[in-house]
Amino acid sequence: MLVNMNEILRYAEEKGCCVGAFDTPNLEILMAVLRAAEKRNEPVIIQHAQLHEPEMPIRIIGPIMVHMAKESSVPVCAMLDHGEDMDYVRTALELGFSAVMIDGSSKPYDENVSLTREAVALAKEYGASVEAEIGIVTGHEGKEFYIEEPGAAYTDPELAARFVKDTGIDALAASVGTVHGFYATKPKLDFERIEKIKELTGLPLVMHGGSGISVEDTQRAIRCGIRKINYFSYMSNAGVRAVKELLAEKDVKYFHDLAGAAVDGMEKDVLSAMGMFALE
Ligand SMILES: [Zn+2]
């Protein structure tokens with residue numbers, strides 16, 4: 001069933017765990033994520049990131065995501081990830097997404113606030129929830145990223161509290177030491193900062209760049225107050241590895257056999273990520 005992000009975060013808050021949010025820019029990933037969630041009988045968040053628009057338009061994948069969320073036996077939130085402008089946010093909401101992230105984190109504070117407020121007001125009309133970001137989670141999926149000056153992009157807890165008050169958002173993405181994509185240097189999470197942001201904002205916190213963080217660090221971050229983790233790169237890579245293994249094993253003639261192997265490989269990776277997020 002399709003639900004908004006708040007319902008899913010309430011579940012995570014009550015259980016003191018975290019819910020996975022997976023970008024699903026193609027049908028194979030979407031099937032892998034929903035199968036895993038149904039196997040575990042747990043809520044899940046499926047997302048379309050604006051940066052994936054060139055390879056998969058939201059007007060194509062969006063209605064499929066919403067349809068599959070409605071058909072699912074578990075609560076599913078269909079969400080926009082890293083919305084950059086109001087036109088795109090509006091498109092996602094019109095297509096039936098139940099949550100949006102508006103990302104004004106690279107803008108000056110006041111501009112981030114006014115963009116986020118606009119998104120909150122619009123989302124309200126659709127009964128959708130809003131995540132926004134302060135502090136910058138650097139890097140892009142698919143690229144390696146070197147942390148030169150880790151402290152520079154971290155979220156300031158006091159400013160985060162002000163941002164939450166100024167905008168009325170439902171969840172806050174905070175920069176606490178993770179990056180998007182694959183790590184070139186070992187990530188160093190700032191747990192005290194997570195606790196402080198949680199204490200001052202009182203909101204469910206979101207950690208982006210969930211791939212490549214150890215189980216121990218991930219679960220410690222959850223215990224400090226992270227309630228949603230955006231996880232993509234390792235899942236996507238598990239699909240690639242499954243295809244490579246199949247090709248090394250036999251001469252595959254049909255593409256759907258490769259697609260099927262990718263779905264199975266990614267499903268396994270999502271299952272283990274979900275177990276980690278559930279503090280198992
Ligand atoms: Zn992100």
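Cβ atoms here come from the backbone N, Cα and C positions, even for glycine.
Same-chain residues at least 6 positions away in sequence with a Cβ under 8 Å from that of Asp81 (active site, proton donor) are, in sequence order, Ala21, Asp23, Gln47, His48, Ala49, Gln50, Met101, Asn230. Marked as active site, proton donor by TrEMBL: Asp81.
Mapped onto three states, the DSSP output places His208 (Zn(2+) 1 binding site) in coil. Taking a C-beta cut-off of under 8 angstroms and a sequence separation of 6 or more, His208 (Zn(2+) 1 binding site) has the following same-chain neighbours: Glu133, Val137, Ala173, Thr178, His180, Asn230. Per TrEMBL, the feature Zn(2+) 1 binding site maps to His82, His180, His208.
Here TrEMBL flags Asp103, Glu133 as Zn(2+) 2 binding site. For Asp103 (Zn(2+) 2 binding site), the same-chain residues lying six or more positions away in sequence with a CB closer than 8 A to its CB are His82, Gly83, Glu84, Ala132, Glu133, Ala173. DSSP gives Asp103 (Zn(2+) 2 binding site) a coil state; it is part of no helix or strand.
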Task: Those binding-site residues in Asp103, Glu133, His208 whose CB falls under 6 A of ligand 1, listed in sequence order - done: His208
Open item on the list: Can you check which residue among the binding-site residues His82, His180 has the largest number of Cβ atoms within 10 Å of its own?
Closed with: His82
Open item on the list: Let me check the 10 A CB neighbour count of Glu133 (Zn(2+) 2 binding site). How many other CB atoms are there?
Closed with: 26
